[in-house]
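Annotated transmembrane segment per TrEMBL: 31-49, 73-93, 105-128, 140-161, 195-214, 221-240, 252-275, in sequence order.
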Amino acid sequence: MDVFTPALLTQTALAFPDIDPVLIQIGPVAIRWYSLGYIVGIVIGWVLARRMVHNERLWGGPAPIQPVDIDDFLLWATIGIIAGGRIGYVLFYDLGTFLAEPLRIFTVWQGGMSFHGGLIGTTLAMLFFARSRGIDPWRLFDVIAAVAPIGIGLVRIANFINAELYGRPSDVGWAMVFPTDPERLPRHPSQLYEAFLEGLVLFILLWVAVHIWLKLRNPRFVTGLFVGGYGAARTFVEFFREPDPQLGFLLGTQWLTMGMVLSIPMALLGLALVLSARPAKPVPAATDETK
């Protein structure tokens with residue numbers, strides 16, 4: 001049996017693509033792939049969400065949400081993603097550092113965003129927005145859930161370009177040595193695993209649920225499919241992803257990570273939502289008296 005040494009594995013690893021994390025630099029203003037992933041994901045999600053609420057076939061009648069509601073929610077969603085993502089990172093992954101230096105919470109350009117925090121922030125934004133408009137929150141949840149994987153996938157690709165959140169050491173044929181890795185070991189490109197499963201695969205599954213199975217007619221089914229699908233995909237990928245250095249593995253194990261702790265309940269909650277979803281009563285069409 002061949003004995004693979006770290007040096008030999010490094011020599012046989014795939015070369016990490018030389019992509020500048022900064023897409024465009026104009027004086028002091030830099031447009032990074034990471035920020036672009038959020039922007040493009042939000043914009044594409046907004047466009048597709050408007051199309052969904054326009055399509056009465058998906059709802060079995062007039063949609064309970066109007067396109068103007070999607071337009072107005074755009075700002076709320078952006079604030080929820082950014083504020084929730086940052087606060088979630090502080091609370092879940094690096095509380096000690098931020099307690100010692102509280103002002104660092106505002107240095108978002110230095111990195112540090114949590115998907116689970118962004119999800120909580122966006123959920124709160126949807127709850128408050130739905131209440132202000134008299135919308136059933138589950139119907140808004142379902143629309144946003146159906147398009148969320150677009151941004152998730154794009155941001156994971158940006159994580160790969162930034163050579164951050166890389167995987168555990170590996171001898172697989174597609175392992176890479178990331179330039180930011182102090183150990184210079186071949187590792188799983190786990191960011192791409194996440195982009196594929198949490199982004200592309202989950203988006204296709206939700207697209208089928210919305211456009212073929214017509215599950216927008218069953219409030220919370222699409223939300224449950226997204227929450228459960230993300231939770232299952234993230235838990236799986238965590239077995240290949242290097243845990244955050246400030247936390248490491250939890251409870252004295254060599255496998256349990258904070259990502260798993262946060263994602264396993266999501267998988268269970270998503271399953272419960274899917275199983276409990278029931279068809280809603282169609283929204284009556286507007287008449288001359290109600291227009």
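Just so it is clear, glycine is given a Cβ too, placed from its N, Cα and C backbone atoms.
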Query = Is the number of Cβ-Cβ pairs under 8 Å between the transmembrane segment (31-49) and the transmembrane segment (140-161) three or more, considering only pairs separated by 6 or more positions?
reply = yes
Note = Long-range Cβ contacts under 8 Å made by the transmembrane segment (73-93), restricted to residues 6 or more beyond its ends, are 38, 42, 46, 105, 108, 112-126, 128-129, 140, 144, 151, 244, 246-247, 258, 262
Ask   = List, by number or range, the same-chain residues at least 6 past the transmembrane segment (140-161) whose CB is under 8 A from its CB atoms?
value = 19, 21, 32-34, 36-38, 40-42, 44-46, 48-49, 52-53, 65, 69-70, 73, 77, 81, 115, 122-123, 126, 129-130, 189, 191-192, 194-196, 198-200, 202-203, 206-207, 209-210, 215-216, 219-223, 225-227, 230
Note = Near the transmembrane segment (252-275) in space but 6 or more residues beyond its ends, with Cβ under 8 Å, are 92-93, 116, 220-221, 223-232, 234-235, 238-239, 241, 243-244
